[in-house]
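Chemist: One structure coming up, written as structure tokens, with questions to follow.
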Amino acid sequence: MAWRSQLSRNLKELRILFCQTSPSSASARSFVEQNYKDLKTLNPKFPILIPECRGIEPQIWARYDMGVERGIRLEGLTEPQILKALEDLAKAGASLKA
């Protein structure tokens, strides 16, 4: 999982959106509870934004260089699947630099 420490090199910003009460956002909430501290420790100056959004479907958005953004809907995904989605977004950022 070395890619976790590369987030700040491959992305400019990460936004994780979910509803605080919706059952469809439960795995996204759990993902943040389990992984935020580790991701922030490995990337202390990297902006990981978690805005409060009532009634929104769970999503994760990555912003790359030149304002390019990519998003993934998280509804129905498990925590390991969300982690894989984040890994894919991070690796996409590395390929954009090449």
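Using the three backbone atoms N, Cα and C, a Cβ is placed for every residue, glycine included.
TrEMBL lists Cys19-Cys53 with the feature disulfide bond. The domain 'Ribosomal protein/NADH dehydrogenase' annotation in TrEMBL covers 20-93.
Quick one: how deep are these features, and who are their neighbours?
Modeler: Of all the Cβ atoms in the protein chains shown, 18 others lie within 10 Å of the Cβ of Cys19 (disulfide bond).
Mean model confidence of the domain 'Ribosomal protein/NADH dehydrogenase' (20-93) amounts to 94 (pLDDT, 0 to 100 scale).
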Chemist: Are there residues of the same chain, six or more positions away from Cys53 (disulfide bond), whose CB falls under 8 angstroms from its CB, and which are they?
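Modeler: Residues satisfying the criterion: Leu17, Phe18, Cys19.
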